[in-house]
Structure formats: C-alpha cells, structure tokens
Amino acid sequence: MVSVTLGDSKEEYHLLLDSAASNTWVMGDGCKSEACGTHNTFGSGDSSTLKTDSTSFSITYGTGSVSGTLGTDTLHISSLTPTLTLGLATNVTSEFNAYPMDGILGLGLGPSTSSLTSFLDALSSQNIPRVFGIHLSRSSTTSSSSNSADGELNLGAPNPARYDSNLTYTPTVPNSAGFWEISLEDAGAYTSSSSSSSSSSSSPSLKLAGRTAILDTGTSFLLAPAADASALHSLIPNAAPASSGGETYTVPCDSSTVLWLQIGGMRWNISTADYVGKAVSGGMCASNIIARQTFGDKQWLIGDVFLKNVYAVFDREEGRVGFG
C-alpha cells in the first residue's frame, strides 16, 4: 500500500498499489457497507476542493466488487500533486472487510476515460514520465533473513540503488484490458544438484511455449492454468495437491527447491521464502502457487510471489517492463 492525502484533507488514506487495474477509488463517506465502517472514507466533508459527480462507476475484481459515484480532487503522493477523477465507493462487498486498504491506486496501462482518470496519465500532466519502479519487501513473519520494511514505489524513473547492473527489459503484449502483460518463455526449478546461476542449463524446465504473464502487484499469489501449475509443482519434491480436483497444493515447509521464470532471455528466481506459505500439518505448508485459470488458457497471473524477488520497472512510455 501507499499513503496519500486527498484535496485539503489531512486524513491519510492507504491505497493498494494495483498494476492490474487502471482505475483509482476510495471508500466514500456515503458508504453504508460494513467494510467502510472500519476504513477511512472520503467525501465533501473532508475536502473543500472535492468536486462530486453523480456519474456512476462499478468495478469487479477477482475477489470482490465496488460501485459508487465520481469525485475530482488533488491526489498528494510524496511531492507530486496530480488532479484525479476517482471513484467514491458507496457499495463495497464483504471481501473488503478483511482487506486493510481504504481503496486502490490503479497503476494499469488503461488510458483515461470520460469518467475516470488513469493515474499514469495524471503523472504525465505534471511532466512526469509514465514510468514506475517498485520494490516489495517481505513480511516480517516469514523466515527469510532479508525481512525489512523497505518497500518502495518510484514514480517517473527507477531507483538504480535498488538493483544491480542493468535492467533487463521485455516488451509488453498489446491487450484491451489495460494489463501489463509480457511473454513468459519458460519456467523451471533449481534442485540441490543443479546450479542456481541464471546461465545454468542443467535444471529441469517445463519447456513452455506461447505463454504470457500478467503482472499484478495487487495479487499475493502466482496463479497458473491447472496443467501448468501441476507441472511446476511436479518439480518440487513431495509437493502434492491439497485436495482432489482443487486449486491448491502443499509443499514441504523445508523445501530447498528454487523455482524460476524465464523472461527476456533471463531466469528470475522465486525464493522458497515466497512460494512456501503457511504451515498445514506434518511438515507440509500451503503453496502460494495456485492452479487457477484467471483469463486465457496460456495466461499466468503473476503476483507478489514472484515480484518480491525482483526490482520491477513498468514503462508505459516505451511499452516495456524491466527487471533487475
């Protein structure tokens, strides 16, 4: 999440950074849904500069949906102050009861419409390039020694201090949904007998063809069509379906198998700290890789399980994504 203020309100709003959504919204002060009662809401009583509009909006996500009307005001994010037409949600489904954010900041590729402003377009209006870099920190509850509350969003340009050497770029795949979608060339694993070097050819791979990856900072997991998810788990010793015909798998809590995705000719690791989830029983943990076809049968939805392992740069100006 990122902290912002709106208009001349002094209230701080926590917005989920969502690269798979192009619309921005906050919970409105007219919201009667249960979730709004436990979050900060925004309305005319909070900012004298807010201009409201009776035009309606409605957004459905993979889990949950919101609807309401529109409002236009200044969004204060760090030192930047773009003007944004955003949604003021008056109906929020029960899924948001468990979510800590007050709304969503849409970082998707979708352009501004007649109703809602694209955040990236709003940056452009302030002469800021439509580029953002993001580093996601790991939860302090994981076993990784690299835990620290050092997550960072960079607007307008990447932060070279966050990555080694040069970024490796790959072009985006055109789509009508505003997704940051790129080619996924292969996936595989490094076992205890294979090197974890990006140039290693001895590690087993899935020999994928024709796959793409939708990059989603707003998704905790990695979701792949069932056959691909099954094949990927087969590379992890003792991994098994959690239930017959289900979407979930278990993996050994002490797994040492490092997974990798090949993008832009490079292999990018997925650490055990990220794909090994909560303990289940008998030394087994839930896998954070889910067997679910979210869109097409060759599309993977790649969330924070992968993105915590790289510094990612989303460049709308050049139509590309870079990893370091």
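Note that Cβ sites are derived from N, Cα and C of the backbone, with glycine treated the same way.
If you look up TrEMBL, you'll see Asp18, Asp216 marked as active site. Taken from TrEMBL, the feature disulfide bond covers Cys31-Cys36. Feature annotation from TrEMBL assigns domain 'Peptidase A1' to 1-324. What TrEMBL records for 140-161 is region 'Disordered'.
Take the Cα of Asp18 (active site) and measure to each of the recorded positions Cys31, Cys36, Asp216: the nearest one is Asp216. Taking the Cβ of Cys31 (disulfide bond) as centre and 10 Å as the limit, one finds 22 other Cβ atoms among all the protein chains shown. In this structure, the C-alpha atom of Cys31 (disulfide bond) lies 27 angstrom from that of Asp216 (active site). Using a 10 Å Cβ-Cβ cutoff, Cys36 (disulfide bond) registers 21 neighbours. Within the same chain, residues at least six positions away from Asp216 (active site) with a Cβ under 8 Å of its Cβ are Asp18, Ser19, Ala20, Leu301, Ile302, Gly303.
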